[in-house]
Amino acid sequence: FSGAGKPPMYGDYEAQRHWQEVTYNLPIRQWYFNTSDNDLLYWGLDYPPLTAYHSFLCAYIAKLINPDWIALHTSRGYESQPHKLFMRTTVFVADLLVYIPAVLLYCFSLKETSTKKKASIYALCILLYPGLILIDHGHFQYPLSLGFALWGVLCLSYEWDLLGSVAFCLALNYKQMELYHSLPFFCYLLGKCFKKGLKGKGLVLLTKIAGTVVVSFAVCWLPFCTDMAQIMQVLRRLFPIDRGLFEACMFSSPPPRLANIWCSLSVLIKIKNIVSPQTQLKLSFAVTFLSLLPTCIKLTIQPSLRGFKFALVSCALSFFLFSFQVHEKSILLVSVPVCLILNEIPFMATWFLLVSTFSMLPLLLKDGLLLPYAVTMLAFLSVCVASFSIFERTSAEDLQLKPFSLSLKGYVSWFKSFPKIVRSLFLLSVTLMGVLSLASAALPPPQRLPDLFPVSVSIISCLHFLLFLVYFNVVILWDSKNSRSQKKNS
């Protein structure tokens, strides 16, 4: 697991164990404050209240099995086979209770997966996504925020808007990174209210949703609402903006090894040295806002479930590429929504999910996960190729680019060779990822360029993600209006 036998901080496994230690042994008012019993520099809690409550629940069970696992101070860096089994079991139980049921219900409720066999194959592909398996069970984290977000999508697909709002509030109160998905949820529900009319049913729906959100947050934050100092301290822990643009990157020593635009650019331009933290914050906010604005406007004006799912992908990818304090693992917030459209654009979705896992390669190698990485990547690719026949679904229509191709008028003939070009680019991309993966694992880097392989992984992944961002925005922006004109022409 992450950081095993590597003092003084060990790794993310120890972070989860330490949060159990803190939440069980200290009163709630001390969970987020620096005290003699709670050194915030040693894996201090920096996730919202639901994460803390979940840690307390796990700690309560751990105490019943072996009190040494969560003993205050003396349990730091605790490692034993029974404890590893316990921790891995807690992740598996979280999968079984929250994430896996959401995936299964989503797949079996789709009209496109009309038979049980199709739904089962689709669910298998999603559950075999390597990135989530490797991070949850190898690097070590819990899938609850993504699971709650999936429940939110599922509820909205059944038009259970209030339940969907509650589910997403739970996701946001488990991990603040769910802000990546907040704008699509907000714009889709607001668009539905506009569609119903803000002087009638729309206003009623808007009031109900607003009330649901307020009550959900109030319940989650209730123990911290005793005084304003508590609330402000939790918020400071959740959003430590004073630490700068690169603080959340696991490999923050120069050059940063993360597949977003700022870390890739820093290889050429030392942004940290020439721009103040406050200016970094403003710059990243402006670029992120501008990149997701077209999608959000389109979703608000023309709310549709299909547009909502694509907007989840596009907005999350914009946040990952351009926002403040991104972590390698944040790409999972893009990948899980991509899993939801795997049946609609299997070729591009499979490609993206492979690249997203590849982008975390430096982190996975650091955790000793080379073999699981190779096995899960090959298994996922094999299942997707066999299940969806992805190489036969590369036409402009299969890639949802037909409306865009029609808008080009005189350039439509270029799209005749498009499937061949896309397949060639995919094979080139997979080959490049394979070669770099082998080189990163087996070859020593040149002495003059010790960061050659991780930097290459981050830059190549970033270029892929920028192209995917353009692609998803094209699909979204050319979706409905040109689709209607296309039907008329037909």
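Glycine is no exception: its Cβ is also placed from the backbone N, Cα and C atoms.
No curator has checked TrEMBL annotations; they are predicted automatically.
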Can you dig out which of the ranges 181-198, 307-324 TrEMBL describes as transmembrane segment?
307-324
So if I exclude everything within five residues of the ends of the transmembrane segment (148-172), which remaining residues of that chain have a CB under 8 angstroms from its CBs? That is, six or more out.
48, 50, 98-99, 102-103, 105-106, 109, 178-179, 181-182, 185, 188-189, 192, 205, 208-209, 212-213, 216-217, 220, 305, 308-309, 312, 336-337, 340
Quick check for me: are there 3+ Cβ pairs below 8 Å between the transmembrane segment (455-478) and the transmembrane segment (331-358), leaving out pairs under 6 residues apart?
yes
In terms of Cβ proximity under 8 Å, which residues at least six beyond the ends of the transmembrane segment (120-142) contact it?
1-2, 11-13, 16, 54, 87-88, 90-92, 94-95, 100, 103-104, 107-108, 110, 113, 329, 331-332, 335-336, 339, 342-343, 353, 356-357, 360, 363-364, 367, 369, 372-373, 376-377, 379-380, 383-384, 387-388
